[in-house]
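Quick notes on the structure that follows.
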Amino acid sequence: MQQPLIILGIGIVLALVSNVESGVLRKPVDEHEYEKWTNARGNEAAVPPPKYKMLRYAKKAINEPENRKMSCLFCTFAVDGVQALIAQNSTDNEIAAFLVNLCDLFDVEQPHVCKNIIYAFKDEVVFVLERSVFTPEEICGAFIANCGHSDKPLTHMWNITIPGGKPPIKPWPKIPDNKPTFKVLHLSDIHIDHQYVVGTEAYCQLDSALGTYAMCCRDYSQDSQGAPTNLKDKPIYVPAGPWGMPYLCDLPYQTFESAMKHISKTFKDLDYIIITGDFEAHDSWDYTEDLTRENMNNMTNVFLEYFPGVPVYVSIGNHEGVPQDAMAPHTMPEYDTRGPQWLYKIMSEMWSHWIPQEALDTVQYRASYAVYPKPGLKLISLNTIYCSEFNFYLYVNEVDPDATLEWLIEELQDSENKGELVHIISHIPPGDNYCLKGWSWNFFEIVKRYENTIAQMFYGHTHYDQFMVYYDMDDPNRRPFHFNWISPSLTTYDWLNPAYRIYEIDGGYEGATYTVKDAKTYFANVTEANMKNKEPEWVLSYDTREHYQMADFSPQSWSDLSDKLWTNTTLFRDYVRLYYRNHYNNECYTDYKCRYTFVCDIKKGRSYDESFCDHLTK
């Protein structure tokens, strides 16, 4: 997520709704009353109405140490500055141009990015603001820590009815010896960049005065119209290699193809593949429906070519949306023109190679589905973009978009009644603060209710190699009752080596547990491949059970591991190394706040709740 850019898009909240605030018409403010009005709203200093004074104010503010955090500065400046423009009765185009010029002036991004990111989110955010009750200040506070007044949009709570009658809790099943197992490939966050150019700047933040460029390893020497830019004659600090770069760069196509060739030759006995979302590159300012359709079609053909006869089960990612994360539910006014039905239709067409028509019908409605990859095992692909904080359509009505959690409960209840076990694959881990609080907390309760039925859960989105434990806070011992596998990304974005995971799962016989028996993570050192000018060598990074000396993969074992990470510096250092796939040297091993962040992320089974971490003390 390129947060500074998205915040600029959010700046459109005020930029293009002119006289709308909190869903009611706002009376224009006279120029002579402007300073008194802005100071009354708690601003340290009023922004003078004339446009060029605003830009000088912004430049001064940027150079003050306390305002180095660009996300907050640009969000709050957009709020105050645009309010001043509104007071001058500026047109929508003038206001949009102000934001584009602001982005250009301070070198926040490439010129075409500055323009496109604002117009990409314009219609969605304007539409939502006109129908919501949140002020711009609440929105700034919601998305940026210590900025604005509130995080209310992200922490709105609502409840879904969960059936009672929970069966007695079963202990985590023990996998018997000498029973059949099967192999599953887990890919996530592939993010292929078809505009990756060898030799371009991989460390492009150095070309930005504020270090905010979000997408490197591309040719920015000319703009989208072919005119030369101010980067045309700049020296290259870190040239992009042919096999990808562990910087803010997505994956070159040939590295993706290298991974597919390696996996298909090495693992000829895959039973199926799970992909937990995100095929598109991180250039969200250039997303179009046609480009998404083309990319998804190409990706489907690749898997059909390299893995013929192997089912592929996919969950939708936030980067599949156009704009990014934009997936309006059916309750949204003007759904016919704003809904993602075009995307869901594409997915149903592509996925028809691997899932039956009954499941495709559900895909076309809510981009979720249920299939049976093995007898007695139901696999549920769950659309968690309905909990994304950047799916702005949800701020009109956050309550269970497209009744997806209600549908999930029905599927789980049906499986409980039949004695089936369930795997859930999805994109956004519900414990991540990217997931809205109301959705996350309801999902947490669903997992607790159906903990006997849900055998495993698999996620992506973060790009990191990590895990997440669910704790029963009603239990005096904080019983760990479930956990998430979170797969490392295939993309190198950002500061990572590409990776994938192979699971060996107990199953294929009567009474199987359908839990993971072993998990092995593989990666490629792209820096080494570039230096040798040879195709990457895909090698075993680690065997999870062996590396962490785990007796099993029960929630208790994962909880025990997280406790050891808190107390054992050597183990924690190793965890961080694997987290970044042997690339990033994070020097936070003895820093309390840094270690707290890593370990608390493990222990948070639901978003916006650090009560799970209150025992982590110095």
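Every residue gets a Cβ built from N, Cα and C, even glycine.
DSSP assigns ASP278 (Zn(2+) 1 binding site) to coil in the three-state reduction, outside any helix or strand. Per Swiss-Prot, Zn(2+) 1 binding site is recorded for ASP189, HIS191, ASP278, HIS463.
If you look up Swiss-Prot, you'll see ASP278, ASN318, HIS427, HIS461 marked as Zn(2+) 2 binding site. Cβ environment of ASN318 (Zn(2+) 2 binding site): GLY277, ASP278, GLN324, ASP325, ILE385, SER388, PHE390, ASN391, HIS427, ILE428, HIS461 lie under 8 Å away, each six or more residues apart in the same chain.
For CYS72-CYS147 (among others), the entry in Swiss-Prot reads disulfide bond.
Taken from Swiss-Prot, the feature disulfide bond covers CYS75-CYS140 (among others), and the record attributes it to sequence analysis.
In the three-state DSSP assignment, the secondary structure recorded for CYS114 (disulfide bond) is helix. Per Swiss-Prot, disulfide bond is recorded for CYS103-CYS114 (among others).
What Swiss-Prot records for CYS204-CYS216 (among others) is disulfide bond, and it gives sequence analysis as the kind of evidence. A C-beta separation below 8 Å, combined with a sequence spacing of at least six in one chain, links CYS204 (disulfide bond) to TYR213, MET215, CYS216, CYS217, ARG218, TYR220, LEU248.
Annotation comment: Swiss-Prot describes CYS217-CYS249 (among others) as disulfide bond, evidence class sequence analysis. DSSP assigns CYS217 (disulfide bond) to coil in the three-state reduction, outside any helix or strand.
Feature annotation from Swiss-Prot assigns disulfide bond to CYS387-CYS435 (among others). Taking a C-beta cut-off of under 8 angstroms and a sequence separation of 6 or more, CYS435 (disulfide bond) has the following same-chain neighbours: THR384, CYS387, SER388, GLU389, ILE428, PRO429, SER607.
The annotation disulfide bond is assigned in Swiss-Prot to CYS588-CYS594 (among others) on the grounds of sequence analysis.
DSSP classifies CYS613 (disulfide bond) as helix under the three-state reduction. Annotated disulfide bond per Swiss-Prot: CYS600-CYS613 (among others), in sequence order.
Taken together, the residues in the domain 'Saposin B-type' (68-151) have a mean pLDDT of 69 on the 0 to 100 scale. As annotated by Swiss-Prot, domain 'Saposin B-type' applies to 68-151.
Neighbour density for ASN89 (N-linked glycosylation site): within 10 A of its CB lie 10 other CB atoms from the protein chains shown. Taken from Swiss-Prot, the feature N-linked glycosylation site applies to ASN89 (among others).
The N-linked glycosylation site feature in Swiss-Prot is assigned to ASN159 (among others); the stated evidence is sequence analysis. In three-state terms derived from DSSP, ASN159 (N-linked glycosylation site) belongs to neither a helical nor a strand segment and is classed as coil.
Marked as N-linked glycosylation site by Swiss-Prot on the basis of sequence analysis: ASN298 (among others). Around ASN298 (N-linked glycosylation site), there are no C-beta neighbours below 8 angstroms that are at least 6 residues distant in the chain.
The Cβ of ASN525 (N-linked glycosylation site) has 20 neighbouring Cβ atoms from other residues within 10 Å, across all protein chains displayed. DSSP assigns ASN525 (N-linked glycosylation site) to coil in the three-state reduction, outside any helix or strand. Per Swiss-Prot, the feature N-linked glycosylation site maps to ASN525 (among others); the stated evidence is experimental evidence.
The DSSP secondary structure for ASN568 (N-linked glycosylation site) is coil. In the structure as shown, the Cβ atom of ASN568 (N-linked glycosylation site) sits within 10 Å of 13 other Cβ atoms. According to Swiss-Prot, the N-linked glycosylation site annotation covers ASN568 (among others), on the basis of sequence analysis.
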Rounded inter-Cα distance in Å - HIS463 (Zn(2+) 1 binding site), CYS588 (disulfide bond): 19
Among ASP189, HIS191, CYS600, CYS613, which are recorded as recorded positions, the nearest neighbour of CYS594 (disulfide bond) by Cα: CYS600
Cα separation, ASN568 (N-linked glycosylation site) to CYS613 (disulfide bond) (Å, whole number): 17
Other CB atoms within 10 A, centred on HIS461 (Zn(2+) 2 binding site): 28
Structural state of HIS461 (Zn(2+) 2 binding site), classified by DSSP into three states: coil
Beyond the site residues ASP189, HIS191, ASP278, HIS463: chain residues whose C-beta lies within 8 Å of the centroid, for Zn(2+) 1: SER188, ILE190, GLY277, GLY317, HIS319, GLY460, HIS461, SER489, LEU490, THR491, TYR493
Disulfide-bonded residues (CYS217, CYS600, CYS613), the one with most neighbouring Cβ atoms at 10 Å: CYS217
Pairwise Cα distance for ASN525 (N-linked glycosylation site)/CYS588 (disulfide bond) [Å, integer]: 23
Which of CYS103, CYS249, CYS588, the listed disulfide-bonded residues, has fewest other Cβ atoms within 10 Å: CYS588
